[in-house]
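Asks: As annotated in Swiss-Prot:
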- 1-24: signal peptide (SIGNAL)
- 30-513: domain 'Sema' (DOMAIN)
- N82: N-linked glycosylation site (CARBOHYD)
- C102-C113: disulfide bond (DISULFID)
- N124: N-linked glycosylation site (CARBOHYD)
- C131-C140: disulfide bond (DISULFID)
- C269-C380: disulfide bond (DISULFID)
- C293-C340: disulfide bond (DISULFID)
- N427: N-linked glycosylation site (CARBOHYD)
- C516-C534: disulfide bond (DISULFID)
- 573-659: domain 'Ig-like C2-type' (DOMAIN)
- C644-C710: disulfide bond (DISULFID)
- 702-749: region 'Disordered' (REGION)
- 733-743: compositional bias 'Basic and acidic residues' (COMPBIAS)
Amino acid sequence: MGRAGAAAVIPGLALLWAVGLGSAAPSPPRLRLSFQELQAWHGLQTFSLERTCCYQALLVDEERGRLFVGAENHVASLNLDNISKRAKKLAWPAPVEWREECNWAGKDIGTECMNFVKLLHAYNRTHLLACGTGAFHPTCAFVEVGHRAEEPVLRLDPGRIEDGKGKSPYDPRHRAASVLVGEELYSGVAADLMGRDFTIFRSLGQRPSLRTEPHDSRWLNEPKFVKVFWIPESENPDDDKIYFFFRETAVEAAPALGRLSVSRVGQICRNDVGGQRSLVNKWTTFLKARLVCSVPGVEGDTHFDQLQDVFLLSSRDHRTPLLYAVFSTSSSIFQGSAVCVYSMNDVRRAFLGPFAHKEGPMHQWVSYQGRVPYPRPGMCPSKTFGTFSSTKDFPDDVIQFARNHPLMYNSVLPTGGRPLFLQVGANYTFTQIAADRVAAADGHYDVLFIGTDVGTVLKVISVPKGSRPSAEGLLLEELHVFEDSAAVTSMQISSKRHQLYVASRSAVAQIALHRCAAHGRVCTECCLARDPYCAWDGVACTRFQPSAKRRFRRQDVRNGDPSTLCSGDSSRPALLEHKVFGVEGSSAFLECEPRSLQARVEWTFQRAGVTAHTQVLAEERTERTARGLLLRRLRRRDSGVYLCAAVEQGFTQPLRRLSLHVLSATQAERLARAEEAAPAAPPGPKLWYRDFLQLVEPGGGGSANSLRMCRPQPALQSLPLESRRKGRNRRTHAPEPRAERGPRSATHW
């Protein structure tokens, strides 16, 4: 079946290579912010209702300034600027008799027999279309939201409640995928209570209701619908198509490989009205193709088969948007997630290619070599591509061919032939994606926000890779937006307000698209961040405004090289030298933690009286940690100046300058006895050895920011580091009470 076709049949050849890829460490973010940090310093807002879960449907209304949320038994209307203020809620529970029927059918009365709102669409200027599971009795209603933003309204229209079959799923565990075009709703759902009859369904509007052929695995084979989009094909609205993204069990897989899940993109024509004698009230223009997201390897491709979400990023030409999709693996051996990018031209090219064909049960899937009837199956009836005005006018051989050949032979491959961004061996899986196109000083960049199943959002930027047209994804931030680490179930973005709205089972969160101040206080840190939202303005790292005519806007997203942009910058303060003291034979910890998790830390050492700097190498007595340098069994010759520097993007940035003074045990004891004997003194200048005495005295409260150390303890020298650290904190008896006294002047010494 060719490269793409073979991939469709055997998606898991490269097991050995996949295991090797799986052993690789996941890419770290440049900046990691906890829930507490986001809430305290970066404006994270959250919203939740009491005794309510499952916030799955999000709808951004920029005109009214509202975020509409569908949840268990509720629809909520939130303020787009701050979702925790001016919230309105509408209770919409399932009727008692429906809940009882649901319970009698064997469903859980507390977790399944509720009305889980799955769909929210803007129906007209005053109403929303909302659909929910209705305790396994799908139902839809029109919700009045008013005309103006100044007076938000949220009211259920009791006279416009209708059956939701074919619009909303029965089961709350099933995802809802739909799009409202005009007054027509296109949905991918299970149309029966048992969840076996999956269909692509059109309802509402003036055109007849249509569905896919039921119980035909060639059309749909246990699909899981993900997203639906309406994308124009030309200036003629008769050519408009609806694209469905889903995953299903592959019918083209070899029986020896078992049940294999693949990702698909399907298409239907919006003006399809079904066939005249065959495929009556069924789609006559339905086609599907495999959506491939894989990493090429020597032994074969490693596939990410589980499509999780798709985001359509509009371009100047509304016919050619970019499609950003997130995938995960289905293998229990190799686990990872990936982002692949697709162009609509490649999708259309696959649907204009050869059809997949199989002669019989014992035959292989091949490219169809016979005559394809006219008009070509999958083409819309319009004046653009033919003379047919309706699908009911299509010849019988066209309808019959469309019924038997819904699958295309060629797959849709990602731009660049490989994922834009992937994470292997991470403790999370990608679940959702949203994208924003940002104008920067050196061009336009796509910024991706990727939700995970552990309540985090990854901020990734797509940057050009060398001179080739392909791009690579750089992980800028990891944001913990949910305190309970609940999986991200939905995301919506407001480019106008620069806000991201994230939903989970437990809450809805709101976070800004940028946190420029978090990147650093100096020019180099701001430029190294490569955040297209941010630039150095000569004083601080602030929001970049493309229209601002400011002279000192420094930004380099493509290369992240501050050597030129920040060469004349005087914002970085002089690197002060901090005195640190240690006792011979004990341990000392020199703390130095770079702001960026992607930076490599280098330590150099300058011995007293020597001008040359030598690199501190890893050996038995030295251990590098994420927070600094640990020196064990200190010697007098360890005294000197230690310089900590961060290396990132080939740029070296000094961070700390620490002067270590190693004292003998005799000197330490003498200083301690002098401290005991010296009388109290009025407040005055603090001596250089006060910090040292606070460190060596038991319970002295030494600062962790400069040094962690202990007196020599021979009995503990052979123990592991953690044991020695615990030993320093143990006490076998209560400390003797000591009188409080203030610092003394140097005259007592």
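Keep in mind that glycine also has a Cβ here, set from the backbone N, Cα and C atoms.
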Asks: Just give the helix, strand and coil counts over the domain 'Ig-like C2-type' (573-659), going by DSSP.
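Replies: DSSP composition of the domain 'Ig-like C2-type' (573-659): 3 helix, 47 strand, 37 coil.
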Asks: Could you give the Cα-Cα distance between N124 (N-linked glycosylation site) and C293 (disulfide bond), in whole Å?
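Replies: Answer for this pair: 37 Å between alpha carbons.
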Asks: Rounded to a whole number, how many Å is the Cα of C340 (disulfide bond) away from the Cα of N427 (N-linked glycosylation site)?
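Replies: Answer for this pair: 20 Å between alpha carbons.
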Asks: Counting Cβ neighbours within 10 Å across all chains shown, tell me which of the disulfide-bonded residues C113, C516 comes out on top.
Replies: C113
Asks: Highest CB neighbour count within 10 A among the glycosylation sites N82, N124, N427?
Replies: N82
Asks: Roughly how many Å separate the Cα of N427 (N-linked glycosylation site) from that of C293 (disulfide bond), to the nearest whole number?
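Replies: Approximately 21 Å lies between the Cα of N427 (N-linked glycosylation site) and that of C293 (disulfide bond).
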Asks: Within 10 Å of its Cβ, which one of these disulfide-bonded residues (C131, C380, C534, C644) has the largest number of other Cβ atoms?
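Replies: Answer returned by the neighbour count: C131.
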Asks: Rounded to an integer, what is the Cα-Cα distance in Å between C113 (disulfide bond) and C293 (disulfide bond)?
Replies: 37
Asks: Using C-alpha atoms, which one of the disulfide-bonded residues C131, C269, C293 comes nearest to C644 (disulfide bond)?
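Replies: Checking each of C131, C269, C293 against C644 (disulfide bond), the shortest Cα distance is to C293.
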Asks: If I take the Cα of C102 (disulfide bond) as reference, which of the disulfide-bonded residues C140, C269, C380, C516 has the closest Cα?
Replies: C140
Asks: Suppose we draw a 10 Å sphere around the Cβ of C102 (disulfide bond). How many other Cβ atoms does it contain, all chains included?
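Replies: I get 23 for this one.
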Asks: Spatially, and counting Cα to Cα, which of the recorded positions is closest to C516 (disulfide bond)? Options: N82, C140, C293, C380.
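Replies: So, of the listed recorded positions, the one sitting closest to C516 (disulfide bond) is N82.
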Asks: Counting other CB atoms within 10 A of each CB, which of the disulfide-bonded residues C269, C293 comes out lowest?
Replies: C269
Asks: Provide the three-state secondary structure of N427 (N-linked glycosylation site) computed with DSSP.
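Replies: Once the DSSP labels are grouped into three classes, N427 (N-linked glycosylation site) ends up as coil.
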Asks: How would DSSP class N82 (N-linked glycosylation site) in three states?
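Replies: N82 (N-linked glycosylation site) sits in coil per DSSP, no helix or strand.
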